[in-house]
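Below you'll find the structure, written out as structure tokens, and then a few comments.
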Amino acid sequence: MARRGGAAASSSMANLLGVALVLAATAQTSARGGGGGGRHDYRMALSKSILYFEAQRSGVLPGNQRIAWRANSGLADGKANGVDLVGGYYDAGDNVKFGFPMAFTVTMMAWSVLEYGKQMAAAGELGHAMDAVRWGADYFVKAHPAPNVLYGEVGDGDSDHVCWQRPEDMTTSRQAYRLDPQHPGSDLAGETATALAAASLVFRSSNPGYANQLLQHSKQLFDFADKYRGKYDDSMPVVKKFYGSFSGYGDELLWASAWLYQATDNRRYLDYLANNGDALGGTGWATNEFGWDVKYPGVQVLAAKFLLQGKAGPHAAVLRRYQRNADVFACSCLGKGGGGGNVGRTPGGLMYHQGWNNLQFVTGASFLLAVYADHLAAAGRGQAVVRCQAGPAARASELVALAKSQVDYILGSNPRGISYMVGYGARYPRRAHHRGASIVSIRANPSFVSCKDGYASWFGRAGSNPNLLDGAVVGGPDGRDGFADERNNYQQTEVATYNNAPLMGVLARLAGGGRGGLAEAAIKRPDNQTLLPPLAAAASPVEITQLNATASWKKDGRTYRRYAATVSNRSPAGGKTVEELHIGIGKPHGPVWGLEKAARYGYVLPSSLAAGESAAFAYVVRGRAAPPPADVWVIGYKLV
């Protein structure tokens with residue numbers, strides 16, 4: 001019942017590169033049908049994926065509310081703190097408003113509209129999608145009452161999770177938690193800046209005054225995030241076990257700068273993206289996960305887009321390094337990475353990361369693959385490929401095919417023949433872990449449901465939820481394609497806004513049957529830009545040198561070899577120091593000397609490397625004959 005506590009697992013910067021897997025064959029492009037396999041009605045699924053957000057609304061519901069079983073809720077949010085925090089979205093199956101995943105949700109909804117707004121319009125859904133973006137953006141304007149103040153949470157996860165109540169009946173804490181210069185949160189402030197920058201583009205043509213308001217808040221939040229650095233879960237410990245910032249704030253600062261460049265064309269933000277790529281990890285980290293915590297692949301795809309569109313300015317060399325990491329992400333999803341970090345697959349072909357809400361990563365990856373493929377294809381034949389470490393280069397069409405196969409799996413083309421989108425197809429989850437959907441609607445029975453009565457009378461019911469949570473995507477199956485439709489099985493049946501937000505973009509793309517209309521290309525940019533002088537780009541200073549085997553022995557018919565290696569900081573004298581250096585070693589067998597096992601993946605150098613310094617390490621490999629050295633690569637580092 002905790003949030004994506006598994007999203008803690010989400011934050012791995014992931015082992016990259018790995019074992020080749022076979023890309024599952026995919027079904028035809030535009031299709032009709034229901035959950036259970038074969039062809040799918042992407043337009044219907046798109047409509048439902050957007051409709052779901054109306055079930056997650058907090059605050060005073062509008063007159064055009066389509067989810068009729070919901071009513072007003074959270075009407076005193078922020079009152080005790082002297083600020084109006086009414087509105088926004090509940091994150092998943094509970095009644096807390098967590099700012100971090102909500103901001104990522106708004107970012108991905110806005111990006112979906114920007115890339116595939118024309119397809120949404122053709123399906124009659126663009127207005128609904130823009131309403132969904134605005135519902136979140138309006139809340140973040142309220143949550144940012146001063147340049148260096150941001151409210152990041154309303155409610156308390158601990159007290160909320162001991163209650164099972166409709167949001168309309170809430171009796172749990174509605175305390176609000178904030179960031180300020182004494183309590184910084186660069187990750188949360190950076191992601192909120194990103195959401196508002198992306199949302200400003202959505203409304204640039206239809207409501208320029210509102211768009212400018214969003215952009216002003218975005219700029220202030222970015223400056224706040226950059227000037228007062230720190231992790232938001234250190235300033236707001238109450239959030240740590242629900243939506244902890246495990247990847248740190250470097251990705252959000254780069255993410256925000258990239259989106260502000262997209263929204264303004266102001267070279268200040270492009271310079272920031274380029275000049276901080278090493279220090280904040282954008283050019284160093286390569287990962288196979290993308291979600292509410294880890295934004296690096298999103299930054300890298302966006303940087304690649306700038307490069308492909310000729311918007312790199314003097315920073316083409318640095319943006320190419322970003323693009324190489326975007327390629328690593330794509331290749332890892334395709335099973336064409338190298339070194340042991342490909343995304344796993346279930347027997348039925350679903351990309352698989354973890355048991356808790358795995359589909360959040362599937363929808364996020366599918367969106368990035370589709371967007372990256374479309375921009376590669378738009379750039380021309382010579383650039384419409386991704387070069388992978390293991391296996392032949394991948395065409396843009398392969399990325400789209402993979403994204404489509406994952407969406408088809410979610411909609412029912414899977415071994416169980418079940419749609420993991422509630423309300424789509426004949427077979428779908430009937431007992432989603434969701435308080436509002438699982439208790440009789442307050443409109444049907446206005447009798448108060450207490451904290452404990454909800455558990456006693458509704459949570460444990462064997463029957464289907466009384467209210468249809470139409471369009472919600474649940475956590476999904478396990479690594480063997482297994483799924484138990486039980487309300488208490490929150491790892492598989494809980495829904496989340498960030499599962500749906502990227503999916504709506506992919507569904508629009510598939511419903512349109514072709515490449516995105518790139519709606520943002522027609523949006524008029526402000527012309528009062530301030531151009532700052534560029535700073536020089538630099539190549540990565542970290543270098544690994546593999547040495548010969550230093551020892552060899554046999555055991556149980558296998559040969560073992562110990563190999564030595566050195567890692568060096570090639571920065572010139574007086575240059576920057578390398579810290580938090582993470583190194584990947586492909587399948588060592590035995591101890592590793594000179595490095596420490598990292599908390600989640602790979603190994604970490606226990607000390608920093610000043611300019612010109614080197615450090616030695618060693619590892620063991622085994623084989624039938626004389627085993628060669630393992631693949632060794634730099635996962636990431638910081639320059640200080």
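The backbone N, Cα and C atoms fix where each Cβ goes, and this holds for glycine too.
Record features (Swiss-Prot):
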type	residues	note
SIGNAL	1-24	signal peptide
ACT_SITE	ASP94	active site, nucleophile
ACT_SITE	HIS433	active site
ACT_SITE	ASP485	active site
ACT_SITE	GLU494	active site
CARBOHYD	ASN528	N-linked glycosylation site
CARBOHYD	ASN548	N-linked glycosylation site
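Overlay of Swiss-Prot feature records on the structure.
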{"residue": "ASP94", "record": "active site, nucleophile", "DSSP class": "coil"}
{"residue": "HIS433", "record": "active site", "DSSP class": "strand"}
{"residue": "ASP485", "record": "active site", "DSSP class": "coil"}
{"residue": "GLU494", "record": "active site", "DSSP class": "strand"}
{"residue": "ASN548", "record": "N-linked glycosylation site", "DSSP class": "strand"}
Which recorded positions sit within 10 Å of HIS433 (active site) - Cα, from ASP94, GLU494, ASN548: ASP94, GLU494
Close active-site residues near ASN548 (N-linked glycosylation site), where close means Cα within 10 Å, chosen from ASP94, ASP485, GLU494: none
Integer Å distance between the CA atoms belonging to ASP94 (active site, nucleophile) and ASP485 (active site): 18
Local Cβ density at the residue listed as 'active site, nucleophile' - other Cβ atoms counted within 10 Å: 27
Least surrounded among the active-site residues, given as ASP485, GLU494, when other CB atoms within 10 Å are counted: ASP485
Cβ neighbours of HIS433 (active site) where a neighbour is any other Cβ within 10 Å: 25
